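Per TrEMBL, the features are:
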{"type": "TRANSMEM", "residues": "21-44", "note": "transmembrane segment"}
{"type": "TRANSMEM", "residues": "50-73", "note": "transmembrane segment"}
{"type": "TRANSMEM", "residues": "94-114", "note": "transmembrane segment"}
{"type": "TRANSMEM", "residues": "134-155", "note": "transmembrane segment"}
{"type": "TRANSMEM", "residues": "235-256", "note": "transmembrane segment"}
{"type": "TRANSMEM", "residues": "276-297", "note": "transmembrane segment"}
{"type": "TRANSMEM", "residues": "329-349", "note": "transmembrane segment"}
{"type": "TRANSMEM", "residues": "355-375", "note": "transmembrane segment"}
{"type": "TRANSMEM", "residues": "387-410", "note": "transmembrane segment"}
{"type": "TRANSMEM", "residues": "416-433", "note": "transmembrane segment"}
Amino acid sequence: MQHTTASSFPTKEGLKREIGLWGLTANIINVVIGSGIFVLPAIVSQGLGATGILAYLFCGFHITIIMLCFAEVGSKVTLTGGAYAYIEAAFGKYLGFLTTNLFIFGASLMATAAVANALADTLSYLLPVFEDQLFRAGFFIVLFAGLTLVNVMGVKQGINLVKLTTIAKLTPLLLLVLWGSTQIAVQNLKWEKVPSLSDFGSVSLILFFAFQGAENSLSVSGEVHHPRKTIPKAILLSLLVILLLYIAVQVVAQGILGDSFPDYKAAPLAEVAQRIMGPFGVTLMIIGASISMFGYLSGDILNMPRVLFRSAKDGVIPIRALALIHPKFATPYVSVIAFTTLGCVLAITGEFKQLAILSSSSVLLIYLGVALAVIKLRIKQKADAASFRIPGGYTVPLLAVVTILVFLSNLTQSEMIGMLITLVVLSILFYLLKYLQTHRFKIGS
């Protein structure tokens with residue numbers, strides 16, 4: 001780890017440590033709270049009714065133990081790259097390569113393009129011109145170009161944008177909770193029956209994905225002030241805020257809509273806002289959803305290019321240009337440009353429903369790798385008083401491994417086959433690139 005007297009000095013990677021506790025906390029909240037909170041409550045209500053808050057508590061517990069694993073390994077491996085850097089440090093370049101590609105192309109890039117399309121769809125409610133394909137393409141180009149410029153200019157500018165969008169998208173949700181809490185019908189919150197394990201499991205599996213994203217935010221670990229202290233604090237603080245907000249939104253919406261809740265799957269919170277605030281409320285929720293999606297995009301474009309940068313720097317992805325740092329702004333500008341360009345092209349040309357399965361299973365595999373990395377690094381390294389260590393010995397990482405395997409066991413046979421095919425293809429690509437590197441055919445040399 002680079003030791004300096006001023007945390008804004010460049011690290012040994014050439015990046016500046018300019019992200020503090022509140023910046024990283026806002027970054028995690030921003031990435032995790034995406035478009036899902038505006039639609040998932042209706043799905044939860046349909047499956048579990050008023051007992052839906054149990055699914056939130058269940059998922060909150062599981063993501064907490066998984067993120068505690070991220071916190072421990074992140075305090076030991078304080079390099080930019082997040083999960084890739086953690087897994088590569090524990091298991092070597094092969095699994096680092098798999099993680100990089102699953103992380104960037106399986107879990108993030110496709111989601112980025114999909115959210116960009118969802119943003120355009122949401123805006124079309126207010127501005128029908130967004131239904132025009134040519135206009136949408138122009139919108140995507142301007143959107144991604146603007147986010148590229150902000151993040152090339154510096155991580156400080158990128159994290160400031162994240163803080164702004166976090167505040168902007170949380171405001172309508174908080175207004176909905178505060179305003180709606182006075183109009184709840186208590187009878188709508190009564191537990192009529194205990195949900196079956198099957199219903200509870202299926203709903204929790206869907207809802208669990210609303211808690212994902214914190215791992216993306218940790219890709220900027222190499223640019224965080226005092227990472228051994230800041231990373232675990234930011235994870236726990238942000239997850240507490242997220243869980244409390246999710247439960248509050250679910251309770252208010254259930255209390256107002258009652259049995260009719262599942263009838264408004266497209267925009268349940270807009271319906272809640274309509275009932276308590278009128279047309280202004282609908283507009284507020286649509287704007288809130290749009291800001292939420294934009295916030296996801298700004299956060300992802302801040303975080304994911306750092307994974308590209310780190311993997312290229314280590315030679316896992318043999319494209320040397322991706323490891324270049326801007327001489328003036330000290331940012332991985334080529335990786336930023338490459339990621340946003342691919343995202344823009346996919347947003348313009350693609351439909352990503354078929355890739356949703358790959359994205360979901362990719363995230364779970366990454367979580368599994370990080371949980372196992374905690375165990376491996378404990379065995380491999382001596383205890384360091386300066387690093388964060390999860391209390392309870394191996395209980396938490398082992399529990400995380402078991403719960404992740406339980407989630408993966410809920411994948412269908414076709415989803416399992418698709419996941420295995422992806423891993424086989426990436427494995428072949430890894431050894432092919434290794435062969436080419438050995439024979440001096442490195443790309444970009």
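A Cβ is built for glycine as well, from the same backbone N, Cα and C atoms used for every other residue.
Counting only same-chain residues 6+ beyond the ends of the transmembrane segment (134-155), those with a CB under 8 A from a CB of the stretch are 15-16, 18-19, 116-117, 119-120, 161, 220, 223, 297-298, 301-302, 305, 326, 329-331, 333, 336-337, 340-341, 343-344, 347-348. By number of Cβ pairs under 8 Å, the transmembrane segment (355-375) is matched best by 50-73 from the list 21-44, 50-73, 235-256, 329-349. Here the listed stretches are 50-73, 94-114, 387-410, and the one with the most C-beta pairs under 8 angstroms to the transmembrane segment (235-256) is 50-73. Scored by C-beta pairs under 8 angstroms, the transmembrane segment (416-433) has its highest count with 94-114, from the stretches 21-44, 50-73, 94-114, 329-349.
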